[in-house]
Amino acid sequence: LQGIFVLGLPYALLHSGYSGLLLIVLAAALCCYTGKILIACLYEENEDGQLIRVRDTYEDIANACCKKLSPRLGGIVVNVTQVVELIMTCILYLVVSGNLLSHSFPYVPMTEKTWSVIAFVTLLPCIFIRTLKIVSKLSQLCSLVHFVIIFVVITYCVTQMHQWSWAKFGLSLEFENFLVSVGVIIFSYTSQIFLPTLEGNMKNPGEFRCMLNWTHFFACILKTTFALTAFLTWGEKTKEVITDNLPSFLETLVNLCLLTKALLSYPLPFFAATEIVYSCISKDNHTNYRSPLLVLTVRGSFLLLTLLMAMFTPHFALLMGLSGSVTGAAMTFLLPSLFHLKLKWKKLSFLEKCADISVFILGFLCSLAGIVCSIKGLLEVFG
């Protein structure tokens, strides 16, 4: 729940004002809700009225919804969407790593692309990651580093409390900038891709809903505190990545922590994407046998793909925004609400149906607005 997007939250407040604080809370509630209804789609009631887990993955849910059209159509759409989003996330981590290294060592005569290659070399061991346990340990380290970054920024902001002023919050908003803020805030919470696997690996899956409530609650508190203290400190001078506002000695320290976080974050989306692809290949071959050569080939190809796109794709940030508006909104809002309505329609109350339909419409509008803004930005750049 705590990603690179968090560092852009103060900048989002700059363009959204008081409504940004409300959006942080609303996004937490909506993402928590869609996570719950997505997991609900994994279960069906048996003859005794007990809930039984009859599906294991996002793909299984999609196939169940689209089985009348085609047995595998829904799964294919979901898998392609997941892989695109995960790979774009991996590429973003490489681009960010190159940028952070370049800013941390400005006197070294290397380009950002060269630094990205160096970061890529440190990620080569990802080819040999075989289990989710290793990924989870790296993710724990990643979370620890993230809290160090948040602690450093908030501590510095508290020392500047004497210059805080609520007058820094603006009421007049520019629509396009507000949409950017909405995207940053919403996508700082997205985790739906990983939830079916996470719930399936819990020792007590019955505690999943409680876990989701508490994690989103604490994430909301942390993000609100972080965004608010940082914005009150720098006001209109708030930059897109808040660490750029820090004094030089702290900026270098935090940038190195961010680099560590980016490199530790890479294995999770990388592992998830390669597992999806390998699973599809195994199903096509009607076998679950894991050929070591095939696994290494798939993972090696994905690693190389992320490097090549990070190196040679122009205006990657705009392309990331475009794909994120499509895949992110789809996986977080559109598909969970649509699948829940499809599979549980007869058992849903009127209010639950209204909630799902409202989430779907909201997700569609967010996606459409993000696509329009991203395409406009690409046209301006290439024009």
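Backbone N, Cα and C define each Cβ position, glycine as well.
Sequence annotations record features per position, and here TrEMBL assigns domain 'Amino acid transporter transmembrane' to 2-375.
Below 8 angstroms of C-beta separation, residues 9, 12-13, 51-56, 58, 60-61, 64, 181-182, 185-186, 188-192, 195-196, 199, 208-209, 212-213, 216-217, 219-220, 223-224, 227-228, 332-333, 336-337, 339-340, 343-344, 355-356, 359, 362 of the same chain, each at least six residues beyond the ends of the transmembrane segment (20-43), sit close to that stretch. Per TrEMBL, the feature transmembrane segment maps to 20-43 (among others).
Residues 4, 58-59, 61-62, 66, 112, 116, 119-120, 123, 193, 262-263, 265-266, 269-270, 272-273, 276-277, 280, 302, 305-307, 309-310, 313, 316-317, 319-320, 323-324, 326-328, 330-331, 335 of the same chain lie 6+ residues outside the transmembrane segment (76-95) yet bring a C-beta within less than 8 angstroms of a C-beta in it. Per TrEMBL, the feature transmembrane segment maps to 76-95 (among others).
What TrEMBL lists as transmembrane segment is 115-132 (among others). Residues 94-95, 97-99, 101-102, 197, 201, 259, 262-263, 266-267, 270-271, 296, 299-300, 303, 306-307, 310-311 of the same chain, all 6+ positions outside the transmembrane segment (115-132), place their C-beta atoms under 8 angstroms from a C-beta of that stretch.
The transmembrane segment annotation in TrEMBL covers 144-166 (among others).
Marked as transmembrane segment by TrEMBL: 178-198 (among others).
Note on the transmembrane segment (210-233): residues 1-2, 6, 9-10, 12-14, 20-21, 24-25, 28-29, 31-32, 35-36, 150, 153-154, 156-158, 160, 163-166, 168-169, 188-189, 202, 242, 245 of its chain, located 6 or more positions outside it, place their CB under 8 angstroms from a CB of the stretch. Feature annotation from TrEMBL assigns transmembrane segment to 210-233 (among others).
Away from its own ends, the transmembrane segment (253-281) comes close to residues 3-4, 7, 59, 79, 82-83, 86-87, 89-90, 93-94, 96-97, 100-101, 103-104, 119, 122-123, 126, 129, 132, 134-135, 138-139, 141-142, 145-146, 148-149, 152-153, 193-194, 197, 243, 246, 290, 294-295, 298-299, 302-303, 306 of its chain (Cβ-Cβ under 8 Å, at least six residues beyond either end). Residues or ranges marked as transmembrane segment in TrEMBL: 253-281 (among others).
Annotation source TrEMBL lists transmembrane segment at 293-312 (among others).
TrEMBL lists 318-339 (among others) with the feature transmembrane segment.
Per TrEMBL, transmembrane segment is recorded for 359-379 (among others).
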Report, as numbers and ranges, which residues of the same chain sit near the transmembrane segment (144-166): CB under 8 Å and 6 or more residues beyond its ends.
-> 2, 6-7, 222, 225-226, 229-230, 232-233, 235, 242-243, 246-247, 250, 253-254, 257-258, 260-261, 264
